[in-house]
Number of protein chains: 2
Amino acid sequence: MSPSRIPDGEQRGWIVPIGGAEEKENDPRILERFVALCGGADADIVVIPTASQLSDTGSRYESIFTELGVGRVTALDFDTRRDAEERNRLKRIGEASGIFFTGGNQLRLSTMLGGTPIAQLIRARNASGVHVGGTSAGASILSEHMIAFGKEGSSPTAGSVRLAPGLGLTNRFVIDQHFRQRDRLGRLLAALAYNPYAVGIGLDEDTAAFIRPDNTLEVEGSGSVTVVDAGNLQFSSMAQADEDDPVCLLGLTIHILIAGATFNLQTRTASAGTLITPKQTH
Amino acid sequence: MSPSRIPDGEQRGWIVPIGGAEEKENDPRILERFVALCGGADADIVVIPTASQLSDTGSRYESIFTELGVGRVTALDFDTRRDAEERNRLKRIGEASGIFFTGGNQLRLSTMLGGTPIAQLIRARNASGVHVGGTSAGASILSEHMIAFGKEGSSPTAGSVRLAPGLGLTNRFVIDQHFRQRDRLGRLLAALAYNPYAVGIGLDEDTAAFIRPDNTLEVEGSGSVTVVDAGNLQFSSMAQADEDDPVCLLGLTIHILIAGATFNLQTRTASAGTLITPKQTH
């Protein structure tokens, strides 16, 4: 499930993983920004609630997006893998300017959509400029290597994480969500220790990474985004460790970003962005 | 409470913070190593159980150290600040080859001993070669800047930690303990964000940093030690943040060390040490 090639003359849509529990009513900055990105009143958003086992998740997001002024919004659920080949659903995805995955269990998304024409179409549409966002499980699914589940704790053990193939919009990063709230640094570090090429992105609740077509990540929301860059890793004991053993990792670079700060996934440089202007006194 | 000057021709004793819940019976590696350091059968250890509110903490460690073959061991408690000026107690500290602080509440240690002749004597004795260890609260107290209490969570907020002056054996690092078990990365990062000059040392339970006279730290025990080096910090938003605001920190270096790995606090370089030899197959 590698990222689709970006057609000549086009640019990829934004990729917007959200850490879960995004504010939906009182100052819903993240969802508002996603809506603006997709075209505001002209936006056409498809919500995929398949990760969730609650029957009203789709209709709930339909109401939320309608409330935020979206021109057209449709919840599109997938109960079987056959649904993910069905013509009307493919047509509907083909019309959307934005696609949004709700929370739930990311393995429901990967088992239902993995390898289907819908998954392929979403990758192709994103490569052609359609914006794709997701919250919680819907954030995890976006990248090629997905954290399926794991253990809590801030230090990694060899078996503290299990990876699975995700939707594959990009292979530049591995996402984890509910990051501060569920103490997930250890499992993100373990994921990077297997193969340090990707950047780890830990998203707090009500916090999103808005990833531009040029692969610069901008932070939005009330919490922080922990970026783990293992590119200069000096040593990893992962290959010698048994499942419950702690893992030795030397030379990780970590940035804690808050709204306004950015990280360039290409050059791996962090910037305080708009934060450099001192806060107004009050 | 700055570190005592090391007398000419002498060298500082080891400083041994332990992350709490160290194994005491079945393969008690950390305590065994501390005992060996202090002289084994010739060791003379004073246990200070003042952090604990349990009346048997001192006698429990007396039994443990006796079991491990220590020649002489005495629990020395301090119920009032006047106790910390008392002649017999000062004399007993003056005889010890090792001093050990038990767990409990580090504010009990700092309020009872801070600024007393006992605190001064322990600093001077450490500077002259006496080894000083402590577990949990007893680890926190050892450095000049001590984490008194704080909030859980892996990302820092401006008010997520409260510092207090500690015993001041060294000012090179700030200790946090029960690190993985109580999800304390955020508060350690907040402590470093106030002033990035010190190195942050996060100790998991049953894990210790054996800090040599030359300020190289060796890891012992079953968990890991998270070393946070903020020396190359590019940006901190701490000065502009309100108490509950998340804090932006760019350019932290993190090393996850396990038993056998080392970190040189002087040069700030990590080494896998004995880990480089692959584990024997079994």
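A Cβ is built for glycine as well, from the same backbone N, Cα and C atoms used for every other residue.
Copied over from TrEMBL:
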type	residues	note
ACT_SITE	A:S136	active site, charge relay system
ACT_SITE	A:H178	active site, charge relay system
ACT_SITE	A:E205	active site, charge relay system
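Here the features listed in TrEMBL are painted onto the structure.
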{"residue": "A:S136", "record": "active site, charge relay system", "DSSP (3 states)": "coil"}
{"residue": "A:H178", "record": "active site, charge relay system", "DSSP (3 states)": "coil"}
{"residue": "A:E205", "record": "active site, charge relay system", "DSSP (3 states)": "coil"}
Between A:H178 (active site, charge relay system) and A:S136 (active site, charge relay system), the C-alpha gap once rounded to whole angstrom: 7
Which same-chain residues, if any, lie at least 6 apart from A:S136 (active site, charge relay system) yet have Cβ under 8 Å of it: A:I18, A:G19, A:G20, A:A21, A:A51, A:T102, A:G103, A:G104, A:Q177, A:H178
Intrachain C-beta neighbours of A:E205 (active site, charge relay system), sequence separation six or more, cut-off 8 angstroms: A:G19, A:G20, A:A21, A:E22, A:Q177, A:H178, A:R180, A:Q181, A:G223
Around the Cβ of A:H178 (active site, charge relay system), the count of other Cβ atoms that are within 10 Å: 19
